[in-house]
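Take a look at the structure set out below.
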Amino acid sequence: MESIEQQLTELRTTLRHHEYLYHVMDAPEIPDAEYDRLMRELRELETKHPELITPDSPTQRVGAAPLAAFSQIRHEVPMLSLDNVFDEESFLAFNKRVQDRLKSNEKVTWCCELKLDGLAVSILYENGVLVSAATRGDGTTGEDITSNVRTIRAIPLKLHGENIPARLEVRGEVFLPQAGFEKINEDARRTGGKVFANPRNAAAGSLRQLDPRITAKRPLTFFCYGVGVLEGGELPDTHLGRLLQFKKWGLPVSDRVTLCESAEEVLAFYHKVEEDRPTLGFDIDGVVIKVNSLAQQEQLGFVARAPRWAVAFKFPAQEQMTFVRDVEFQVGRTGAITPVARLEPVHVAGVLVSNATLHNADEIERLGLRIGDKVVIRRAGDVIPQVVNVVLSERPEDTREVVFPTHCPVCGSDVERVEGEAVARCTGGLICGAQRKESLKHFVSRRAMDVDGMGDKIIDQLVEKEYVHTPADLFKLTAGKLTGLERMGPKSAQNVVNALEKAKETTFARFLYALGIREVGEATAAGLAAYFGTLEALEAASIEELQKVPDVGIVVASHVHNFFAEESNRNVISELLAEGVHWPEPIVINAEEIDSPFAGKTVVLTGSLSQMSRDDAKARLVELGAKVAGSVSKKTDLVIAGEAAGSKLAKAQELGIEVIDETEMLHLLGS
């Protein structure tokens, strides 16, 4: 049995290893929850044996040493971290400790904030001008990232307003919105660059670039949450008051900051934020709860590495560790072959996860994944679980290599990978049952032809029994044939036939989307329909003409052109029309004849709208003569920004494009 000294040494060594990977290499190997567990275990042992605490124990400091590639900045006021609580009982115990230590009848109010999952930074302003910025580093010394921070548009280079202190050190979090993270990884996959595991790693990697020009291209943003140095001026005597003052001076502060009058209100805030978490547009891993009164903060003071007046109330972990039992390969509607990890089931963020996507062969190679490996699984909101990284330090001896198939696992056709593309595809086309099933499921889906009651299991049976080969065959189905399927009685069968009949009346845009042309999503389908107006015009369009449609480049134009050039596709379309699929004749809109503030303008919608759906907004804008595009470019005239707008808003601001909010859009639509 190990001695206490041996246990302490092993825990400290393990924690230092993971601190180095997290803070210095920006390549964490274990989830935050596992690190927290190890730290709690060490702290509990040291509490029982205080005589064995060493000055260099991970419990006695904040982070890790800075990179040698950057010059260093010493923090005049140490940047401490926060203690954590993980459940209501622990928070209520913290609340009681605060009340007991204050020993007065004076009421305690709490300033509650989001715990952003980014990189903590310190920004020093002298006479209102940004002069330096640093990472937290080890809490006393950080890396000089001034040049990089100056590229972040959310951070003012000069404060504005009155009574700005002579020296003011603002502390906050640099982070990457989810839309920006997805765009960075999408670009990286296309160009063969580094793919980041999560937005926090992407933010850290972006901020710690030696070349600020690279940082400038990344849509980083910032919220401030505190103050370090304060000289030659005064600030309000409450934490919330200080944040509101920062906002007046031009510093970004989260609009989710809330003042709570009691522990019960704090818990309500925690649960509300947890509920809203999937729609925020950026990653958080909990809430931060601070005593609002500065006088009470001073009275409570600090322990070695954290304040007694604040705590981080963390959400259930979105990352967990488990083992890869096997890797299987699925075939999608376009023939894309996707490797899927079959996992030892594990609960992640309240959901039992047994599968995780591995995307493609490049991703498997990047991860260095082998069957049998211990891996970190991440699940955020409704996102499909994914493997974040392999825990190489705990790799079993009997792992096996993942072998990518050379033939389709469903139909046996050759698998090909086009040069420059990450995805491998089955060449079987509609002779491949998997592709046929997925194509039909897409065709009947809600945003495509919207065939009510035609679920995945019905499609599976229709293909397996060879009742249906193409989308046109769906409209030839009879109630009698459908009753031959499992769990399909006469009434249900007739309902499906009625739904198919109803689905024949559609729109040109929905029809195009339902066809499943590669790279043609809803927005592109709507753009093609609006630009060409008729199926005949679209079928006859050249690649050059197709590229005149907003957001259609050479790749998408080629896919569309090739689709209509294929005789079998044209035959299916002819059959669909013969079965009665139709849509209204196009209304030709001449933007010059429309008296509208949107007429002739290229408009981009970003963020979520609260008063109307995006589809309704797009339709209304098109009616008023606008061209609705899916991405921001120099050709964009106007951006409409809803809640949680991300990288599109940032790019619009960078290009100096006019931006309005939903309220102004509704006003203009009404005018």
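Every residue, even glycine, has its Cβ placed from backbone N, Cα and C.
Annotated NAD(+) binding in Swiss-Prot involves Asp32, Ala33, Glu34, Tyr35, Asp36, Ser81, Leu82, Glu113, Glu173, Lys290, Lys314 plus, out of the candidates Arg136, Arg150, Arg208, Arg342, the residue Arg136. If you draw a 10 Å sphere around the CB of Lys115 (active site, N6-AMP-lysine intermediate), it holds 21 other CB atoms from the protein chains shown. A gap of 52 Å separates the Cα atoms of Leu82 (NAD(+) binding site) and Cys408 (Zn(2+) binding site).
Within 8 Å of the centroid of the Cβ atoms of Cys408, Cys411, Cys426, Cys432, where the record puts Zn(2+), the same chain has further Cβ atoms from Val331, Gly335, Pro409, Val410, Gly412, Ser413, Thr427, Gly428, Ile431, Gly433, Ala434, Gln435. According to DSSP, Asp32 (NAD(+) binding site) is assigned to a helical segment. In this structure, of the binding-site residues Arg136, Lys290, the smallest number of CB atoms within 10 A of the CB marks Lys290. Counting every protein chain shown, the Cβ of Asp32 (NAD(+) binding site) has 18 other Cβ atoms within 10 Å.
The number of other Cβ atoms within 10 Å of the Cβ belonging to Cys411 (Zn(2+) binding site), over all protein chains shown, comes to 18. The helix, strand and coil residue counts that DSSP assigns across the domain 'BRCT' (593-671) are 29 helix, 18 strand, 32 coil.
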